[in-house]
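Trainee: The following block contains the structure, expressed as structure tokens.
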Amino acid sequence: MATIHVDGKALEVDGADNLLQACLSLGLDIPYFCWHPALGSVGACRQCAVKQYTDENDTRGRIVMSCMTPATDNTWISIEDDESKAFRASVVEWLMTNHPHDCPVCEEGGHCHLQDMTVMTGHNERRYRFTKRTHQNQELGPFIAHEMNRCIACYRCVRFYKDYAGGTDLGVYGAHDNVYFGRVEDGTLESEFSGNLTEVCPTGVFTDKTHSERYNRKWDMQFSPSICHGCSSGCNISPGERYGELRRIENRYNGSVNQYFLCDRGRFGYGYVNRTDRPRQPLLVDGQVKLSLDEALDKAADLLRGRNIVGIGSPRASLESNYALRELVGAEHFYSGIEAGELERVRLILKVLNDSPLPIPTLRDIEDHDAIFVLGEDLTQTAARMALGLRQAVKGKAEDMAAAMKVQPWLDAAVKNIGQHELNPLFIASLAETRLDDIAEECVHAAPDDLARIGFAVAHALDASAPAVEGLDSEALELAQRIADALLAAKRPLIISGSSLGSTALIEAAANIAKALKLRDKQGSISLIVPEANSMGLAMFGGDSVDAALQAVISGKADAIVVLENDLYRRVDAKIVDAALSAAKVVIVADHQKTPTSDRAHLVLPAASFAEGDGTLVSQEGRAQRFFQVFDPTYLDASILVHEGWRWLHALRATLLNKPVDWTQLDHVTEACAGSTAQLAGIVNAAPSASFRIKGLKLAREPLRYSGRTAMRANISVHEPRTSQDIDTAFSFSMEGYSGSAEPRQQVPFAWSPGWNSPQAWNKFQDEVGGHLRAGDPGTRLIESQGDGLSWFSSVPRAFSPERGTWQVVPFFHLFGSDETSSLAAPVQERIPQAYVAVAKSEADRLGVNDGALLSLSIGGETLTLPLRISEELGAGLVALPAGLPGIPPALFGKSVDGLQEAAQ
């Protein structure tokens, strides 16, 4: 710690910070543009000027840039000094000379860091009366709109896009006061994190194009704290609603998880909530008859009464909804909704993490590891936010080199200059090339079994008591030794694997490496990726596979199916699903999307999406987190009968048993769920209960300046009804209630503090800028390392050796396309590739075909005809298909192709 003196006051700060960060952490306001808590200091904008004095006797001082000046002990500065204030005002003025001053039509208005800083400096008069510099804007794809005339040349965009996120197609061109930030030519931004430009940019140069079509100012939207459902990472988001539609998603700061950034799937994949083909009323018999709520419950009870029911849950539904389904059908008749092989792998992951001697890192903690081995995962496609964390982890080498030279880590340009191209070691063992290969020390591409063999060999190289791998060639043995040496040389090694390739051996190999590292006294970590938002929660919760449920119906053991938020056709072979649905006398589906499964239902109950309901998810880290309802859809349209899955299913159970409804609010079902399973006991601590108040007030979902509430329903009736009442949570559907940053709280619907309207308002909620929330980060961990409970896994697979004329089908994952719900969003659909088949260059040469040629594949009697994509790194004997894309049956993965040839034209 250090003592600094600010305008005559002695204050304790972290001496490792710069003055800007230290003062912001104290709650003091200093305007800035180019600095960002995650990007460090470059001193480009000159906006954060303060007066620094030699000591208490110095009355003259000198102007310094606070972002470039360390907060050393006994530093004397003034923020309110007249010369400093005049300097800061002049900086804003010359930055604004070429700005169009188009706030009324700019989509950043009310959300704009430039507005905040201009007001903060007191600049309120334009003296420049000459021609302004102008630029041509670019078309940057379906996610980002571009308006270069608003640019103030802070360089944040390229520093994030290129330096932080590793993008290569956004740059800066020109010189002096005529620079251009964009692509070489029009085209879609290729980075999976391009959407963060909308928050990183302090002006309106890069804005959310998906929001443009239904635009509202930030102060006119209703928000809630929520959790991204796009993958298992558990990123925190702030969805914004107006007129019963989601309008945009912003990043919600969680110092342990996503911090300041989201991937583009999580930011732009919300469009499925607004689809017009969603079920919004109960639908009977092929969707031809709409029912009231009571009619639907009575009809469902009549259909199920006297039946042998199976309940099929879902890893994209909340724990509460899955628990309500289990209570409806009984524990012995509840099935997880996960395919058998996938369920085996997720259960194995849970066992490994429960028994592992190494802890599970948070997404933030991943950035602090200094040697990483990724085994079998294409992280950019399966856990993109973790991939972004790895990009920061490898840069730790440069920070270490800078520290040895007494250079602070926040001096971004100096650290890069010292580090040059030195990186911490990252080893990637994957099917084929990945988006992280550019920062990897070594990459190896092979079949899943061969990747697992390398993993087992690494464990044996770390500790000789680990099972050895028979028949491994010298090249693979040498690679395994190099990986082991790098992990041993590190202070904090990290092993990452997961379930995406359908291989239990990969997970077991990763577990062996973790055990071996602990035996060598290494303070490392292990992270294992599961496929969906609540896969980990379902593994803890229990329930057999969806395959077992369907077989129970086909065999006649059950004659009724209740499906919760699950499209069975995305899980198992369509023939098996067809057989089960045909055999069932009753099929009831509760879902928020129209799916092939709901099309076969006798009754569809309209379930709430994450925007219309509350619930709890468990991330791959084992962190239980609550998502909260953003809006009440019935307020604007009373005909909408959308409710959380748990509400429908509990009410159905009450109707069947002729009992009153016991769970009248979320806390009731959450507490019951927590009491049902030992490992889920902590979910009650994931968020405050409905009784939580600050100064006696509920928490406001709407900003204080929210306008038009009395007119929103005027087209329906001039009589304004009471606002919706939220009995489930501590939030109100109103601007009435507590908002702001003065009182610490974990669950923050939107970032705002007096004078701070942009995402930089998160500074006011943190214990220190870039740290954790003052009330603690949201969520509670359900898995913590309890010591070494693992035994060696000894089932080392044999080397991959396909029979001549056969190929193994393996999955290629896509950030845009492999996920079910985000793929229903129109902007995301523009980024989804056409279905294809990928083979190695050697295979294509043997077949005599070029990229784009149509290939015919025969797989177990089924024939697919798909365009060819040649993969330079895919191994011989493998055929890759894009997982989750239309026309690619999920049951094909892991099977053998027994016919591969150019299709007849």
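Cβ atoms are placed via backbone N, Cα and C, with glycine included.
So Swiss-Prot lists these for the protein:
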type	residues	note
DOMAIN	1-83	domain '2Fe-2S ferredoxin-type'
BINDING	Cys34, Cys45, Cys48, Cys67	[2Fe-2S] cluster binding site
DOMAIN	83-122	domain '4Fe-4S His(Cys)3-ligated-type'
BINDING	His99, Cys103, Cys106, Cys112	[4Fe-4S] cluster 1 binding site
BINDING	Cys151, Cys154, Cys157, Cys201	[4Fe-4S] cluster 2 binding site
DOMAIN	221-277	domain '4Fe-4S Mo/W bis-MGD-type'
BINDING	Cys228, Cys231, Cys235, Cys263	[4Fe-4S] cluster 3 binding site
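Each of the listed features needs to be described in terms of its position in the shown structure.
Mentor: For the domain '2Fe-2S ferredoxin-type' (1-83), the model gives a mean pLDDT of 96.
Sequence-distant neighbours of Cys45 ([2Fe-2S] cluster binding site) (same chain, six or more apart, CB under 8 Å from its CB) are Tyr32, Phe33, Cys34, Trp35, Val91, Leu95, Ile152, Cys154, listed in sequence order. Reduced to three states, the DSSP call for Cys45 ([2Fe-2S] cluster binding site) is coil.
Remote same-chain partners of the domain '4Fe-4S His(Cys)3-ligated-type' (83-122), defined as residues 6 or more beyond its termini with a Cβ less than 8 Å from a stretch Cβ, comprise 29, 31-33, 45-51, 63, 128, 132-133, 145, 147, 149-150, 152-153, 177, 202-204, 207-208, 211-212, 215, 217-219, 755-760.
A C-beta separation below 8 Å, combined with a sequence spacing of at least six in one chain, links Cys112 ([4Fe-4S] cluster 1 binding site) to Cys103, Cys106, Pro202, Thr203, Gly204, Asn757, Ser758.
Counting residues per DSSP class in helix, strand and coil order gives 11 helix, 18 strand, 28 coil for the domain '4Fe-4S Mo/W bis-MGD-type' (221-277).
Spatially close to Cys263 ([4Fe-4S] cluster 3 binding site) yet at least six residues away along the chain are Glu192, Phe193, Gly195, Gly230, Cys235, Ala384, Arg385, Leu388, Leu815, judged by Cβ distances under 8 angstroms.
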Trainee: Spatially speaking, which of the binding-site residues Cys67, Cys151, Cys228, Cys231 is closest to His99 ([4Fe-4S] cluster 1 binding site)? Use C-alpha to C-alpha, please.
Mentor: Cys151
Trainee: Applying the rule Cβ within 8 Å of the centroid of the Cβ atoms of Cys228, Cys231, Cys235, Cys263, what extra residues of the same chain belong around the [4Fe-4S] cluster 3 site?
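Mentor: Close Cβ neighbours, site residues excluded: Gly230, Ser233, Gly234, Asn258, Leu262, Arg265, Gly266, Ala384, Arg385.
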Trainee: Which of Cys34, Cys106, Cys154 has the fewest nearby Cβ atoms, counting only those within 10 Å, among these binding-site residues?
Mentor: Cys106
Trainee: In this structure, which of the binding-site residues Cys67, Cys103, Cys157, Cys201, Cys228 has the fewest other Cβ atoms within 10 Å of its Cβ?
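Mentor: Least crowded of the binding-site residues Cys67, Cys103, Cys157, Cys201, Cys228, by Cβ count within 10 Å, is Cys103.
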Trainee: For the [4Fe-4S] cluster 2 site (Cys151, Cys154, Cys157, Cys201), what does the 8 A shell look like? I mean other same-chain residues with CB within 8 A of the CB centroid.
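Mentor: Neighbours found: Ile152, Ala153, Tyr155, Arg156, Phe181, Val200, Pro202, Thr203, Val205, Phe206.
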Trainee: Between the Cα atoms of Cys151 ([4Fe-4S] cluster 2 binding site) and Cys67 ([2Fe-2S] cluster binding site), what distance do you get, rounded to the nearest Å?
Mentor: 21
Trainee: Find the one among the binding-site residues Cys48, Cys228, Cys231 whose C-alpha lies closest to that of Cys201 ([4Fe-4S] cluster 2 binding site).
Mentor: Cys48
Trainee: From the binding-site residues Cys157, Cys228, Cys231, pick the residue whose C-alpha lies nearest to the C-alpha of Cys48 ([2Fe-2S] cluster binding site).
Mentor: Cys157
